[in-house]
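**Student:** Annotated domain 'Sugar phosphate transporter' per TrEMBL: 48-345, in sequence order. As annotated by TrEMBL, transmembrane segment applies to 43-63, 75-94, 114-135, 141-159, 236-255, 267-287, 299-320, 326-344.
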Amino acid sequence: RRFHARFNDVQQRRVETIVETKRVCIQPSFRARSSRRHDAEMNSASVIVVACWYSANIGVLLLNKYLLSVWGFKFPVFMTLCHMIMCSILSAAAREFRIVPKQYIRTRRHYSKVAILAMTFALSVLGGNVSLRYIPVSFNQALGATTPFFTAIFAYVLLQKKESSETYMSLVPVVGGIAIATWGEPSFHFLGFIACLVGVCCRALKSVLQGWLLSPVGEKAEDRPVGETKLDSMSLLYYMSPVAIVTLGICTCIMEPNALSAFHEAAVLNPSFIAILLANCFIAYLVNLTNFLVTAHVGALTLQVLGNAKGVVCTIVSIMLFRNPITFRSVLGYTITMIGVWLYSSSKRRSARLLAALENASRSKV
């Protein structure tokens with residue numbers, strides 16, 4: 001009996017050892033397969049989000065150009081107002097259905113900062129839409145590529161923020177390329193050129209003000225006044241939209257007093273006009289939503305690189321659809337500008353990595 005009892009104990013321990021060994025060997029492989037499956041799903045989601053972002057950006061540009069130039073609805077201020085009304089409605093819906101996280105403004109001082117950003121944002125969108133009435137999308141995108149140049153200027157003037165010599169040198173081809181493209185642009189229109197430059201300057205000013213007003217340089221989260229949390233882009237759009245609507249409504253009454261009657265006439269003559277305008281407004285909101293989602297999936301630096309490529313894609317698609325004339329000088333100038341933008345982005349990424357490395361080194365010493 002004792003022999004059989006010891007034999008059974010040995011057999012039991014041997015079975016337990018085999019089971020434990022199998023569990024230890026199988027579990028990591030299962031985790032690895034799960035991790036690979038999760039990474040594949042994340043990559044697929046990122047590709048879909050980036051594709052939607054590209055489609056929305058290209059779609060809103062082409063529809064704006066179609067309505068303003070081909071259709072003949074020559075009221076860009078009113079169209080921008082419609083965009084902001086749609087953004088306000090859909091931003092509220094996205095918050096209620098928890099598509100985006102809810103953030104709140106609890107102080108009057110914080111909302112006054114958002115109001116300043118809203119007016120700058122409205123003028124930047126307005127300048128771009130007005131320019132599309134007079135100049136082709138390709139030239140609009142070429143001028144839009146100079147945003148880093150004006151951002152560096154405003155950052156230095158307002159924040160006394162200096163960049164590296166390499167960053168400033170990379171802005172030379174940005175400006176030089178636009179000078180060449182403007183000189184060789186066969187569809188040049190002075191009013192469209194000025195409107196686009198105003199929009200670009202306001203866009204650059206907004207990016208500087210956003211970092212200055214909403215997340216001050218060197219200010220820690222615990223040092224901010226109570227209620228001044230850093231807002232994400234969709235919450236910022238939600239709070240900016242009402243102020244932008246008021247600003248654009250005033251501009252519409254002053255600059256385009258006949259816009260409402262023209263809208264009613266176009267809707268009566270061709271009911272499909274309302275569907276096209278609504279689609280345009282909806283895609284304008286999708287630009288902001290997909291921008292937020294792309295940032296969440298791939299990061300801000302990758303978004304900057306994708307944005308540079310987006311300008312090239314928009315230019316090529318617009319030339320294919322609208323058949324606007326181009327010259328070798330225009331292509332050369334735009335190419336030089338995009339090379340400068342790429343050099344600027346690369347320099348900023350290197351500066352960010354160096355700054356992060358220095359901060360990590362200082363923390364490790366402490």
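Even glycines carry a Cβ here, placed using N, Cα and C.
All annotation found in TrEMBL is predicted automatically rather than curated by experts.
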**Student:** Which one of these stretches, 75-94, 236-255, 267-287, 326-344, has the most C-beta pairs shorter than 8 Å to the transmembrane segment (43-63)?
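**Tutor:** That would be 267-287.
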**Student:** Sort out for me which stretch, of 75-94, 114-135, 141-159, 236-255, 267-287, has the most Cβ pairs below 8 angstroms to the transmembrane segment (326-344).
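**Tutor:** Between the candidates 75-94, 114-135, 141-159, 236-255, 267-287, the best contact partner of the transmembrane segment (326-344) is 141-159.
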**Student:** Among 114-135, 236-255, 267-287, which stretch has the most Cβ pairs under 8 Å to the transmembrane segment (75-94)?
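**Tutor:** Ranking 114-135, 236-255, 267-287 by Cβ pairs under 8 Å to the transmembrane segment (75-94) puts 236-255 first.
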**Student:** Do you know the mean pLDDT across the domain 'Sugar phosphate transporter' (48-345)?
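**Tutor:** PLDDT averaged over the stretch: 85.
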